[in-house]
Every structure is written in structure tokens, then in C-alpha cells.
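S.K.: The domain 'Pyrroline-5-carboxylate reductase catalytic N-terminal' annotation in TrEMBL covers 8-102. Annotation source TrEMBL lists NADP(+) binding site at ILE11, GLY12, THR13, GLY14, LYS15, MET16, ALA73, VAL74, LYS75, PRO76. What TrEMBL records for ASN60 is NADPH binding site. According to TrEMBL, the domain 'Pyrroline-5-carboxylate reductase dimerisation' annotation covers 165-269.
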Amino acid sequence: MGLKNKNIGLIGTGKMGSSLIRGILKSNIVDSSNVYASDIYNQSLENLQNELGINVSNDNKQTVMNSDIIILAVKPQVIRKVIAGFKDEMTEDKLVISIAAGVPISEIEDELNSGSKLIRVMPNIAATVGESSSAICPGGNTTNEDVENALEIFKTVGTARVVSEYLMDAFTGVSGSGPAYIFPVIEAMADGAVYEGLDRKNALTFAAQTVLGAAKLVLETDSHPAELKDMVTSPGGTTIRGFHELEEHGIRSAFMDAVIESSKRSRELGK
Ligand SMILES: NC(=O)C1=CN([C@@H]2O[C@H](COP(=O)(O)OP(=O)(O)OC[C@H]3O[C@@H](n4cnc5c(N)ncnc54)[C@H](OP(=O)(O)O)[C@@H]3O)[C@@H](O)[C@H]2O)C=CC1
Ligand SMILES: O=C(O)[C@@H]1CCC=N1
């Protein structure tokens, strides 16, 4: 039971694949000798091998043959072609985990041999620093142990919970894509501080720590964000002046629309 002595394979070592490899190895749930990775981009493989000591190959079949759990971290647009290339190496004991945005479980199961075990996951790039929030959705042929293994892998890189598949597009909108909506917020807040005379390094550090602190307050207190906002906002003070400015620029609808459009795009990618 558990991941001890299991081999984990990554197909696709781009931004998300390499983020997961780094996160998983940092947690020591498996040894680097238990990790196999393949990609068509040689330089990223060579870098990962030199830096982390994992097994690498240009041949996805090698990864599948050597692995008990195979994480598919290629773009949704190529996932069907990638599966077609390795499906002959699949056996019923192997578990495939797809992190492709939008692509439904039924479509991937159709591409794999019948009876194949599949789990769909939506993590995010904060896996690199152990702070992903991953939504996990098991396919029909998986066992409780498979789900436990997937939870263990994705809990090493942040939080992870099992969700219903019909909500995966919404999780993609808010959490998969979400970090990209917050980075410009941090940069723009730092820009404001630079405008006011702070040096860039301090401006970025203070802006990022402020976002981290605000997120922790939401997660670790039972308070509604509006209540927390009111705690900062003194009557006639500094915060309400800044807040009025944000409201004038339609901050809430901008962020809501970003998540809604991202979720819509996730649904489109599945068609
Ligand atoms: N980036 C993110 O924050 C998140 C991404 N995802 C999902 O993760 C998946 C990967 O995204 P991301 O890491 O951003 O994409 P990347 O393009 O950075 O990584 C994909 C990697 O797969 C490689 N690749 C392409 N074809 C093959 C093939 N036939 N065999 C093996 N490797 C191949 C690509 O090589 P090359 O570049 O040469 O084509 C690239 O290195 C996507 O499905 C995405 O929806 C999910 C959550 C968050
Ligand atoms: O932009 C994308 O399509 C991927 C999926 C979620 C985050 N990045």
C-alpha cells in the first residue's frame, strides 16, 4: 500500500510537469530513482536529469513501461495523439493521471485500452512550492487505493480533494488558471509602491507577502472576506480611499469574468 516502491512517470516535462516532479521529490514520498520522465524537448529532460537525478527518455513508451502511475502533463490539444503512441504498453494495473485542462474522463478512457484506470486532476503551478490546490476526479475503473495514491501525490504539492467531474471546469477557472490572475495584481501593487518611492525589491516582497497574508486570513479564520476587508478599512482612513479606486475600475466584475471565461474555455477544450 502507499507510494513506497511505486514508480511514477511523467509524460511532458514542461511548466506543469517539471513543477510536479520538483514538488514530489521535495516531499521524499518517492526517490529520484523511482521517477521516470519523457518529453520531446530534450533540453528540459537533460536539465531535470542533471538537477534531480531522475530517469529520462525521449520515448513515452519507456516511461509507461517503467511506471506504476503515469501523469500526463501534455497540452489538451496533443493528449489523444500522445496516448495513441503509448497505449500498447498499458496494462490494467497501471494508473494514468491526466492534468489536461478540459479533457473529460470519458474521452481519455476511450483513447486508452478498455478497463484502463484513469484519474483526472486539476492542479496549479504553485505545486512548485508545495501550495497547489488540486481537484481530483476518479474514473470508473479506479480503486480506493488508486484514489488514495493520487491524493497522496497531490497532497505532497499542496492541498487536494476529490470533486465531481461536472465541477472540473470551474476548478480550472478559479484555481488552475488563478495564479496568473494574481501575479499581475502583485506586480501592479508593487508598481504603485515604486511610484511612491519604494525600491522594486522591497515593493515586490511587501506586495507578495501582503497577498499571502490576506489569503491565510481567509483560509485560517472563519471570516468572510468582506468582514476581513472591513477590519482593515478605518472610517475616513487610507484603505477606503484605495478601495473606492478599485471599485471605480470594476475590480470585482473583472475577476469574476476572468474565472467565468477561463471555465468556458476549459469546456471548449473538452469538445
Ligand atoms: N501551466 C499550468 O499552470 C497548468 C497546466 N495544466 C495542464 O498541464 C498540461 C501541461 O501544461 P504546461 O506544462 O503548461 O505545458 P507545456 O507546454 O509547458 O508542457 C508540455 C510539455 O509536453 C511536451 N510534449 C509535447 N508533445 C509531446 C509528446 N508527444 N510526448 C511527450 N511530451 C510532449 C512539450 O514539448 P514541446 O514544448 O516541445 O511541445 C512540453 O515540454 C496541459 O494539459 C495543461 O492544461 C494544468 C494546470 C496548470
Ligand atoms: O492556461 C491553460 O490552459 C492551463 C490550464 C490551467 C492553467 N494553465
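Placed from the backbone N, Cα and C atoms, the Cβ positions cover glycine too.
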S.K.: What is the biggest Cα to Cα gap, in Å, among ILE11, GLY12, THR13, GLY14, LYS15, MET16, ALA73, VAL74, LYS75, PRO76, the residues listed as binding NADP(+)?
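M.R.: So the maximum pairwise Cα distance among the NADP(+) binders is 14 Å.
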S.K.: How would DSSP class ILE11 (NADP(+) binding site) in three states?
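M.R.: In three-state terms, ILE11 (NADP(+) binding site) counts as strand.
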S.K.: If you average pLDDT over the domain 'Pyrroline-5-carboxylate reductase catalytic N-terminal' (8-102), what do you get?
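M.R.: The answer is 95, the mean pLDDT of the model over that range.
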S.K.: Around LYS75 (NADP(+) binding site), how many other C-beta atoms are within 10 angstroms of its C-beta?
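M.R.: There are 14 such Cβ atoms around LYS75 (NADP(+) binding site).
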S.K.: In the structure shown, with every protein chain counted, which of the binding-site residues THR13, ASN60 has the densest set of Cβ atoms within 10 angstroms of its Cβ?
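M.R.: For the binding-site residues THR13, ASN60, the Cβ with the most other Cβ atoms within 10 Å is THR13.
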S.K.: Looking only at C-alpha atoms, tell me how far LYS75 (NADP(+) binding site) is from ASN60 (NADPH binding site), rounded to the nearest Å.
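M.R.: One finds 15 Å between the Cα atoms of these residues.
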S.K.: Take the Cβ of ALA73 (NADP(+) binding site) and count every other Cβ within 10 Å, whichever protein chain it belongs to.
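M.R.: Neighbour count, Cβ to Cβ under the 10 Å cut-off: 24.
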S.K.: Would you count the other CB atoms within 10 A of the CB of ILE11 (NADP(+) binding site), including those on all shown protein chains?
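M.R.: ILE11 (NADP(+) binding site): 25 neighbouring Cβ atoms within 10 Å.
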S.K.: Report, in whole Å, the straight Cα-to-Cα distance of ASN60 (NADPH binding site) from ALA73 (NADP(+) binding site).
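M.R.: So the alpha carbons of ALA73 (NADP(+) binding site) and ASN60 (NADPH binding site) sit roughly 12 Å from each other.
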S.K.: What Cα-Cα separation, expressed in whole Å, is found between ILE11 (NADP(+) binding site) and the residue listed as 'NADPH binding site'?
M.R.: 6
S.K.: Using DSSP, break the domain 'Pyrroline-5-carboxylate reductase dimerisation' (165-269) down into helix, strand and coil residues and give each count.
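M.R.: Per DSSP, the residues of the domain 'Pyrroline-5-carboxylate reductase dimerisation' (165-269) fall into 89 helix, 0 strand, 16 coil.
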